[in-house]
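Visitor: Sharing a structure here in structure tokens format.
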Amino acid sequence: MTRAELDAVPSYVVNPIPERKINLSTNEVPFGPLPGVAEAVAAATAKVHRYPEMAATGLRDALAARYRVAPERLVTGAGSAALIEHLVRATAAGGGEVVHPWRSFEAYPMLIAGGGGRSVPVPCTPDHRHDLDAILAAVTPATRMILLCHPNNPTGVGLTGAELAAFLDAVPPHLVVAVDEAYREFVTDPALPDALVEHGHRPNVVVLRTFSKAWGLAGIRLGFLVASAEVATAVRKVVTPFSTNALAQAAGLAALRAEPEMLRRVGLVVSERDRLAKALSAWIDGIPAAQANCLWLPVGERAVELARACEERGVLVRPFAGEGVRVTVGTGEENDAFLAAIAEVLA
Ligand SMILES: Cc1ncc(COP(=O)(O)O)c(C=O)c1O
């Protein structure tokens, strides 16, 4: 009764998070909603018997002003994950190929399949970089889209300005290149370009951003993309109607008003990220310099065992069997608990 190709697609599993555990497994920011968000959402609940404003005009205009793009180039949705699927539906439905790096965001194969595309994963280099030459070489006449993750989840490694520019110059201009910048706000290395600022003007470039990470709205589901007006118009046609819900619109507007506090919190995450990286590097080799709000521990075959041992000590981290463990940067206290747990495990 359902599409046979879905049988081969892995399910996206996020296990329930027990309240009593420290959760460093899902890449959120740990400080609660930004000031003004809870109040704005509470006020918006008074009208939840009505449909939301379909085009999310107020939020779209605020985003357009904040990111200096024309509103018609913006599409909002129920998280950037949903928008990735919509984008695939708009470019590759019917079995078109979508080339993407791997290991990367674990939902990509599912979102590509969900949008009716065919996932073509291209292994990252041993030092966790996108293998851009191999990605280009994987392009065939059946390719409809390339998806990059910058910086990459789970490794936190991004592209340099020269790399990204040369890659975009080399891609055939009819192919959409989607740059997923879910973690952009955590980037501190000036070598990593802001793809929206540097390349957003290219007609085939689509930049994806989310309110789930730095902006603290993971539970409410809000993301957006910026594309050429033509691509944005096509995506809008396949977005599930009203999926930028009324509470998300209110929350997004309130979060944007709290940008200075968002930046302050990102500063805390970044300094904790650097502290954690330094401490962990004394015990584990090859941790890449992270530019997201997580660290990648390339522990290979020990990944599952290590995560289980941390869980037994009250800290949840994300294992990728046979590859490594991703740990989200938490509060100072949470990170200390993780360091204590892992010190015990490694001893
Ligand atoms: C690289 C990347 N893209 C997109 C997403 C999805 O974000 P959203 O919550 O906006 O759907 C995530 C979430 O972990 C991610 O890591």
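Positions of Cβ are set from backbone N, Cα and C atoms, glycine also.
Keep in mind that TrEMBL annotations are predicted by a computer and have not been checked by a curator.
Pulled from TrEMBL, these are the listed features:
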DOMAIN    20-342  domain 'Aminotransferase class I/classII large'
MOD_RES   Lys213  N6-(pyridoxal phosphate)lysine
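Can you tell me where each of these features sits in this structure?
Guide: All chains included, 26 other C-beta atoms sit within 10 angstroms of the C-beta of Lys213 (N6-(pyridoxal phosphate)lysine).
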Visitor: Mean pLDDT over the domain 'Aminotransferase class I/classII large' (20-342): what is the value?
Guide: 97
